[in-house]
Structure formats: structure tokens, C-alpha cells
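Before any comments, here is the structure.
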Amino acid sequence: MIAELGHLALVLAFGVAIVQTVVPLVGAQKGWSGWMAMAVPAASLQFLLIAASFAALTYSFVNSDFSVRLVALNSHSAKPMLYKISGVWGNHEGSMLLWVLIVALFGAMASWFGGGLPPKLKARALAVQASIGVAFLAFILLTSNPFLRLAQPPFDGQDLNPLLQDPGLAFHPPFLYLGYVGLSMAFSFAVAALIEGRVDAAWARWVRPWTLAAWIFLTIGIALGSWWAYYELGWGGFWFWDPVENASFMPWLFAAALLHSAIVVEKREALKSWTILLAILAFGFSLIGTFLVRSGVITSVHAFANDPERGVFILMILGVFTGGALTLFAVRASAMEAKGIFGMVSRESALVFNNILLAVSAIVVFIGTIWPLVAEMFFDRQLSVGAPFFEAAFTPFMVVLAIILPFGALMPWKRAKLGKLVRPLVPAMVLAVAVALLAWSIQTERTILGPVGFLLGVWLVGGAATDLWSRLGRGPVSGRFGRMLRLPRADWGRVTAHAGLGVIFMGISGLMAWQVEDIRVANSAEPFEVADLTLMIREIRQVEGPNYLSTTADIVVSKNGEEVALLQPEKRVYPVQAMPTTEAAIDNGFWRDIYVVIGDPQDSGGYAVRTFIKPFANWIWAGSLIMALGGLLSLSDRRYRVAAGAAKQKPVQGVPAE
Amino acid sequence: MKRLILALILAAAPALAVNPDEVLDDPAMEARARAISAELRCVVCRGENIDESNAAIARDLRLLVRERLVAGDTNDEVIDFVVDRYGEYVLMKPTTGGANILLWGAGPALFLIAAAGAIIYLRGRSTAKAPGADGLSDAEQARLDELLNR
């Protein structure tokens with residue numbers, strides 16, 4: 001019964017979404033305010049209906065209603081509650097339902113907080129947002145109905161893939177989707193602006209918070225996925241350049257570019273058409289990502305839906321939305337007149353180069369991802385494009401980005417002098433070079449990667465500190481610290497996010513350059529050495545978990561005779577899916593992780609044990625979180641709140657212009 | 001029964017990629033073997049290299065790589081040996097030959113085009129006349145002069 005109600009709610013939401021697409025668009029064209037206003041209640045209603053539908057599916061999962069096909073295929077009565085809930089989106093149908101739920105959520109939020117928007121722009125943006133909902137609701141109802149019943153319900157379900165039964169992965173998809181789909185809001189605003197033929201600072205101020213929010217969610221989602229891969233897949237890799245990872249990384253790069261270019265539109269009324277194009281591309285690449293993942297066209301670890309019919313449907317959605325938006329762009333872009341004047345060396349030009357680097361690197365990732373497909377279709381070659389390609393082809397852009405970033409962040413608008421810029425940055429440069437030399441001298445391997453990564457990382461963090469310091473004006477140090485608290489949140493956000501990027505640079509290069517690995521057969525109670533640590537298997541025992549069986553080892557790690565950690569790596573078997581997984585045991589540390597995996601019992605006695613010492617590993621995720629925090633600070637900047645409440649209050653002047 | 005299931009499954013799927021019995025005694029040669037392994041794809045896996053993969057065929061390839069190294073091949077010779085047998089599909093890093101030049105060249109080419117476009121745009125922006133204050137029409141300019149010379 002509940003499942004049928006969920007289905008019904010979904011059908012009703014489809015109807016509401018169609019109304020929300022058509023009526024406000026016509027209203028905005030004809031200038032009928034009643035028709036335009038229709039978008040607001042429709043957006044709320046559509047959201048409530050999809051939420052009800054989602055709740056119905058969640059109810060079926062939580063109560064293990066195995067007469068619902070999706071629940072029978074993806075759940076099991078013995079599964080812990082967290083994974084019963086995360087099982088809702090741990091499959092194709094449920095994840096698409098989550099997708100439309102978030103589309104509708106963003107639409108509803110735009111209608112709730114959009115009081116200050118010009119009515120026409122608001123009506124059109126909500127209509128475009130609803131049209132995305134229409135397309136994906138049709139997709140779900142026609143090809144991927146989550147509420148199908150089974151005539152003969154099984155006694156118990158088939159369980160969720162054990163690799164996905166993990167807290168990190170439980171929240172990875174919702175964050176990624178909030179990011180992916182959040183970009184739909186920027187897309188809707190871009191298309192609405194194209195229909196209207198007008199882009200100004202107010203428009204940019206409206207688009208940027210949505211893009212920021214989407215980018216923050218994407219950052220967290222990608223970091224969660226990477227963290228999950230690190231501890232779950234058993235060899236401590238954190239990024240594989242897998243097509244599905246790339247699918248989330250491309251929108252992230254475009255969103256980052258869009259964040260920066262929207263500032264130029266907001267502050268200087270330039271780069272308008274480019275910003276519109278970026279907004280279209282950012283969401284376009286979200287759709288491409290969905291297509292790559294959902295169609296299984298490029299098989300990868302994550303592709304749990306291999307269904308060409310669905311692939312064609314999503315390809316059509318992709319074609320209609322990006323194709324339509326780009327056509328509209330081609331017709332209307334010339335109407336966007338740039339106003340700002342600026343020199344060849346200026347903050348504007350620095351942001352242009354930021355955009356080029358981010359956009360080109362995103363396209364490099366895109367080409368690398370689809371190249372095996374292209375090569376097979378057009379050149380009859382079966383080949384692979386793996387991590388070594390991306391490391392060679394993508395990294396140089398990030399290196400250049402890191403080099404110019406601190407200069408760009410310090411540049412004034414309109415016109416800058418290079419000589420004046422260099423002087424405040426000298427301390428950061430000296431520090432970066434010193435740290436790189438230090439790293440070079442104490443490392444045992446002769447690798448250039450570690451020192452260069454740290455050079456850039458320290459340069460970014462130092463550059464961010466310089467940036468902060470330079471915003472505090474002149475005068476005595478105490479006065480400067482006093483002014484710190486009064487600095488606009490946007491400044492804090494920028495500085496924090498840029499420093500976070502520096503921390504990520506250090507984490508990635510440190511981990512890749514200085515990891516220590518040891519593979520051996522270890523017997524119980526026989527200590528062995530890895531770098532400066534001594535490890536010993538104390539005991540190996542069989543443990544029964546809620547829905548798995550485990551072989552757990554107690555491994556004592558000591559340093560100079562003192563016990564540092566007790567690590568308990570496991571090998572688990574999930575009988576329902578007949579699938580073994582390795583659970584690495586990790587001792588997290590500020591400077592390094594100790595990462596231990598146990599393997600098979602050996603014929604000669606003892607167990608295979610793989611030990612890694614992973615320096616700076618946590619810096620990668622810490623840096624990502626710092627970056628997300630920077631986004632959050634920027635999002636909380638006063639000017640967005642002022643803009644949001646503008647309709648109710650008197651127009652507020654005097655927002656600090658950077 | 002549970003033990004039996006456990007034993008069966010464990011036997012079927014080794015949990016470690018590189019197992020201790022594969023490791024060569026000479027650390028330098030083992031390091032070369034690991035580097036080569038990272039460049040070769042496990043043909044039955046989804047985008048994993050043979051160094052990371054648990055599959056049986058990846059293990060066979062890892063042993064083959066080590067065998068060739070012990071026989072005195074250089075790194076390139078080992079990779080060529082494997083490519084001759086399994087095709088270029090096993091290369092994680094595609095060659096630059098033939099159409100692949102598009103793959104490798106796309107990034108740098110796009111960057112140069114975009115940079116050239118940006119410079120032209122920036123030059124335009126730095127010499128453009130701002131609308132408003134400076135952009136007076138002839139009539140407005142005449143009127144302004146008139147007012148100023150009053």
C-alpha cells in the first residue's frame with residue numbers, strides 16, 4: 001500500500017512539474033503575473049510530492065518489505081539500520097529518485113528564498129528547473145520505477161553489495177547528488193537569463209550562492225568517496241581516475257571555474273557570456289556524469305546499472321538540455337554587453353586564466369575518460385586510459401594554477417603592477433623554497449614529486465596568509481588583528497579555500513612520494529620491522545558480525561619498545577552475496593597513517609600481511625574539508641543575505657566592494 | 001558450515017594483490033617490477049592495474065613480468081613483451097602513436113587556443129571605452145562643452 005502511494009505521489013509530482021514548466025514560462029512571456037506566481041506553490045508542491053514518494057520507498061526499505069522488487073534485490077533483514085536506509089540510494093532506481101528529490105528541493109528553495117528576485121527571472125528559472133524535473137521523473141516512471149512489486153515475494157532479500165555497506169559510502173551519494181544537482185540551479189538561472197537577454201551584477205549575485213552550495217557539496221562528496229576508497233578497497237589508493245570518479249570531478253572543476261567567473265560578473269560586469277556558458281557546461285557535465293555512470297557505457301567499478309535503454313534515455317535528456325541551452329546561448333550571447341574595463345594584468349585577467357586552466361583541465365579529464373570509447377568506435381583500437389595518462393596530462397595545469405594563484409588573489413581589480421605584487425609574497429616564496437629544500441634533504445628516495453608538491457603547497461598556504469594579511473590594511477600589528485574580525489566573510493572564505501588547496505597539494509604529493517610498503521608472511525608472535533616500527537601478530541580469531549563472518553587479526557605496533565597502536569585488520573565474508581572484503585586497519589596520525597591489511601593463511605604457516613606507512617594521508621581529506629569550509633564562509637557573506645532579503649527590506653547600500 | 005563457506009570463498013579470492021611469494025629477492029628489481037605493474041592493466045578488471053588487482057590473471061602477469069626481469073629484459077622490453085601478447089589494451093598509459101595524438105595533444109592545444117583567445121579579449125577590454133562617463137555621443141559632448149564653457 002505504502003509503495004503504491006509512493007508511486008502515485010511520483011506520478012502526481014510529474015504532473016505538477018509539467019504545469020510548473022509551462023505556466024510560468026507562458027506567464028513570463030505574456031507578462032501575466034498570476035501565471036508567473038504559479039511557479040512558487042508548484043515548486044513547493046512538487047518537492048512535497050517527491051519527498052512523500054521518497055519517504056514511501058524508505059519506509060519499504062526500513063521495514064524490509066520484500067514484496068517490493070527493489071528492496072528484495074538490494075536489502076536484507078539482517079542488515080544494520082543505517083545500511084537499510086542508505087540502501088534506498090545504493091541502487092539505480094533509488095538513486096534516481098534521490099536525484100529528482102534534490103532537483104525539486106533546489107527548486108523549492110529558490111522559490112522560498114527568492115523573494116528578492118525579479119518576478120520574470122524567478123518564474124523562468126523555476127520553470128527551467130521544473131523542466132529538468134519533468135525529464136528525470138519521466139525517466140524514472142518509464143524506465144526505472146522503484147515501486148514495482150514482485151508477485152512472489154522472497155523470504156529474504158539479496159543484500160546490498162558489501163563494499164557499499166560502509167558509513168563513508170552511506171553519505172557519499174547524497175552529497176555528490178546535492179552537488180551535481182545543485183548545479184542545475186545555476187543552469188536554470190543561466191537559461192532564464194538567456195531567455196530574458198539580460199545578465200547583470202544582480203544576476204551573478206543570485207547564481208553564485210547556488211553554485212557555491214553545489215561546489216561545497218561536491219567537494220565533500222568527492223572527498224568522502226576518496227576517503228572510502230582509501231580505507232575500504234584495501235591498498236590505500238585514494239584516487240583512481242576511474243570514469244565514475246572523473247564524472248564527479250569534471251563538474252567540480254567547472255563549478256570551481258564558475259564560482260570565480262561569477263565574481264567578475266558581480267563586481268565588474270564582465271565575462272558575462274563566458275559565465276553563462278560555464279553555468280551551462282557545469283550542469284551539462286553533471287548530466288554527462290550521470291550518463292556515464294547510469295548507462296554503464298564505460299564499465300567501471302561503480303557501474304551497477306548496465307542497461308543500454310536507460311542510457312539512451314539519459315543521452316536524450318543530455319542532448320535536449322545541453323543542446324537546447326547551447327543553441328539558446330549561440331542566439332542570445334551577443335546580447336550580453338560587457339561593461340568593465342581592465343588591464344592586461346589585473347584581478348580580472350588572473351581570474352580569466354584561472355578559468356582557462358580549470359576548464360581546459362576538465363576537458364582533458366573528459367577526453368581521457370571517453371577516449372577508449374572514441375578509439376574503439378572510430379579508430380578500431382581497443383585501448384585503456386589509466387591513471388598514468390591523467391597524472392601526465394592533468395597535473396601540469398594544476399601546477400601552473402598553484403603557481404599563479406597567490407599572485408591572482410592579491411591583485412587589485414582593474415589594473416595591477418607585477419612589481420608591487422611580488423614584494424609582499426617574498427616571505428611565502430622563501431618559506432616554500434625552504435620547506436622544499438628541507439624535504440629534499442631529509443627524504444631517502446630521490447624523488448622530485450615530494451619536494452615540488454610541498455613547494456607548491458606551502459606557497460599556496462603562505463600566499464593565502466599573505467592575502468589575509470594584506471586585507472588588514474597598514475599600521476600596528478594589534479590594529480591589524482583587530483580588523484581581522486571585521487573582514488568580510490567572503491575574504492575569509494577565499495583565504496581558507498586557497499589554503500585548503502595547498503594542504504591537499506602537500507597531502508597528495510607527500511603520500512605519493514614517501515609511502516613505505518612492506519609485504520610478507522608473518523607468523524603469530526614473531527615481530528617484524530617496517531621502517532621505524534615493529535609489528536607483531538598477537539592473535540588471529542574468527543568473529544561473527546551482524547551479517548558477515550570475519551577473520552580478525554590483533555596486530556600490535558610498537559616503536560622503540562613502546563606500544564603505539566593495536567590494529568585489527570579483518571577479512572570479511574558476506575554469505576548472502578558470497579563476497580569477501582578486506583577491512584584494512586588504520587592508525588590515523590597527523591604525520592602518517594599506519595595501514596595494515598591481512599591476506600590469506602599461507603601453506604607454510606602464518607598469514608600474508610601488507611603494511612603501509614602513508615605519510616600525510618589525512619592531509620588530503622583535511623584539505624578538502626578546509627576548502628569546503630572556505631566555501632561555507634564565502635556562502636555566509638553578508639552580501640548574499642542582504643540580496644536574499646532585499647524585497648522585504650529597503651534597498652541596502654554600502655556592501656563592501658571586495 | 002560457516003567455516004566451510006569461509007574457507008571456500010577465501011580460497012577463491014586472494015585478498016592481497018601482490019602476495020609475499022611473488023616478491024623478488026633483489027629489492028631494486030622488485031621496485032622495477034612494481035613500476036612496470038602499475039603501467040599494465042588487468043585485462044579482466046575494470047580499470048585496475050595488475051599491481052592492485054586481486055584477479056588470478058593479474059597474478060599470472062605479475063609473475064610473468066618478474067620472470068622477464070630476471071631473464072634480463074629492460075623495462076621497455078618487458079612491457080613490449082606483454083603488449084605483443086595482449087594488445088595495447090593492457091597499457092594504462094596509451095601510446096602517442098596514430099590517433100592517440102589527439103588524446104595527448106588536446107590539452108596543450110586547447111590551452112594555447114584559449115590563452116590566445118583570452119589575450120585578444122583582455123586586449124580588447126583594456127582598450128575599450130567604458131559606456132557611460134566616457135562614452136558620450138557627439139551631441140552630448142557638444143552639450144557638455146557648452147556647459148563647461150558657459
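The backbone N, Cα and C atoms fix where each Cβ goes, glycine too.
Long-range Cβ contacts of the transmembrane segment (A:6-27) within its own chain (Cβ-Cβ under 8 Å, at least 6 residues beyond either end) map to 33-39, 42-43, 45-46, 49-50, 52-57, 59-60, 97, 100, 104, 107, 123-124, 126-128, 130-131, 133-134, 137-138, 140-141, 145-147. As annotated by TrEMBL, transmembrane segment applies to A:6-27 (among others).
TrEMBL lists A:39-62 (among others) with the feature transmembrane segment. Away from its own ends, the transmembrane segment (A:39-62) comes close to residues 2-3, 5-7, 9-10, 12-13, 16-17, 19-20, 23-24, 68, 70-71, 75, 81, 84-85, 87-88, 94, 97-98, 100-101, 104-105, 107-108, 110-112, 122-123, 126-127, 129-130, 133, 137, 146-147 of its chain (Cβ-Cβ under 8 Å, at least six residues beyond either end).
Feature annotation from TrEMBL assigns domain 'Cytochrome c assembly protein' to A:89-295.
The annotation transmembrane segment is assigned in TrEMBL to A:96-114 (among others). Residues 10, 13, 17, 20, 39-40, 43-44, 46-47, 50-51, 53-54, 57, 88-89, 122, 125-126, 129-130, 132-133, 136-137, 139-140, 144, 146, 173-174, 177-178, 180-182, 184-185, 188, 210, 290, 294, 644 of the same chain sit 6 or more residues outside the transmembrane segment (A:96-114) yet have a Cβ under 8 Å from a Cβ within it.
What TrEMBL records for A:126-148 (among others) is transmembrane segment.
The feature transmembrane segment is assigned by TrEMBL to A:175-195 (among others).
Per TrEMBL, transmembrane segment is recorded for A:277-305 (among others).
For A:311-331 (among others), the entry in TrEMBL reads transmembrane segment. Counting same-chain residues at least six beyond the ends of the transmembrane segment (A:311-331), those with a Cβ under 8 angstroms from any Cβ of the stretch are 132, 135-136, 139, 142-143, 187, 190-191, 194-195, 273, 276-277, 280, 283-284, 287-288, 290-291, 294-297.
The domain 'Cytochrome c-type biogenesis protein CcmF C-terminal' annotation in TrEMBL covers A:315-638.
The transmembrane segment annotation in TrEMBL covers A:352-374 (among others).
The feature transmembrane segment is assigned by TrEMBL to A:425-442 (among others).
Positions annotated as transmembrane segment by TrEMBL: A:448-470 (among others). Panel annotation: around the transmembrane segment (A:448-470), residues 399, 402-403, 405-407, 409-410, 424-425, 427-429, 431-433, 435-437, 439-440, 480, 484, 487, 491-492, 494-496, 498-499, 501-506, 508-510, 512-514 of the same chain, lying at least six beyond its termini, place a Cβ under 8 Å from a Cβ of the stretch.
Summarising the annotation, TrEMBL assigns transmembrane segment to A:491-514 (among others).
Per TrEMBL, the feature transmembrane segment maps to A:616-635 (among others).
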What parts of the chain pack near the transmembrane segment (A:352-374), using Cβ distances under 8 Å and only residues at least 6 beyond its ends? 241, 243, 246-247, 249-250, 253-254, 256-257, 260-261, 264, 271, 274, 278, 281, 285, 288, 292, 297-298, 382-385, 389-390, 393-394, 397-398, 400-401, 404-405, 408
